[in-house]
Amino acid sequence: MKIMISGGGTGGHIYPALALIETLKKRHPDLQVQYIGTENGLEADLVPRAGVPFKSIQIAGLKRSLSLENVKTAYWFLKAVRALKKDMAAFKPDVVIGTGGFVSGPVVYTAQQLGIPTILHEQNSIPGLTNKFLSKKADRVALSFKGSDVHFPGANVRLIGNPRGSEVLQTEVDEASVREQYRLDDRPIVLVYGGSRGAEAINRAVVEAIPSLSELPINVLYVTGKVHFDAVSKQAPSSDNVHIHPYVYDMPSLLACTSLVISRAGASTISELTALGLPSILVPSPYVTADHQTKNASALVENGAALLVKEEALTGVTLVEAIRQALEQRDEMANASRALGFPDASDALADLVEEVIQ
């Protein structure tokens, strides 16, 4: 089996693709993969690190407002399509899979022009422009949230969940080694992170909250994002139980040892939380398309699996209050979170791949 797969920009588009690749490798030891991304996206780091063949193209996302930048984007899109036609003629993929981000646009579009079967995976409750555009000719559109089908009229949609959740469940974890790696004692771990790029608002609130967090019987593992690490390290007061890191590469292992998560409400994060049955405090990013992170979070909040703190209300004080409340309700929230998960999402997406090839 040969697959070409594309998704990039943030971990939310990349991790589901990598999880699918691992599942297909187990089923098809002779699997050949070509991953297409951009050289400046996070995929240029994560994909080769996972041992997956990677090739970059130059492309940019469309601006939603009128902009001369869109002329340049159209040029790069057409140039990428010409190059991808040659790549696909040489590689001969059985199927092309797009997991979102603007880089997947020319890849899936080219496959559709060549008559190669295509599958889209939409991680968010509200789709981005790329997947909405491509869905009209896609053979299958795999969804992560109930109710998202209304955004894909006429498409062949399947509700499967997010493969990232399956990946974290399958990770074998030695908790003692994880705690030793991050220098954590046996107190419950509260993980704070703002997604693959970090989040300034969360960083500010945590720095403000550190004196109060130091008094709680917990370990706080605080992941700033690489861009923010130096600034946060200088601002943060010292604390024996607050441990600051720029990035975590093996998030599944860390999550498996965690008692409470404080994070944005990106799609991969939601899938990880529900797969593992983790309670959470969600701070949706107000800067994303159509406020989709708030809608991602709503399913958890409405079912008692998470607490919601709007970014404009996030301070050190409100953060500590939410942590205290979540720790008191941890068992109930964990059970509610687990009930919302799709533990077999990666297998379900692999089934779709095999289905369209047959």
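Including glycine, each Cβ sits where the backbone N, Cα and C put it.
According to its DSSP assignment, N124 (UDP-N-acetyl-alpha-D-glucosamine binding site) is coil. Summarising the annotation, Swiss-Prot assigns UDP-N-acetyl-alpha-D-glucosamine binding site to T10, G11, G12, N124, S196, Q293.
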The one of G11, G12 whose CB sees the fewest other CB atoms within 10 Å, among these binding-site residues: G11
Listed binding-site residues (T10, N124), ranked by Cβ neighbours within 10 Å, top entry: N124
For Q293 (UDP-N-acetyl-alpha-D-glucosamine binding site): intrachain residues, at least 6 apart, with Cβ closer than 8 Å: N124, R264, A265, G266, L282, P284, S285
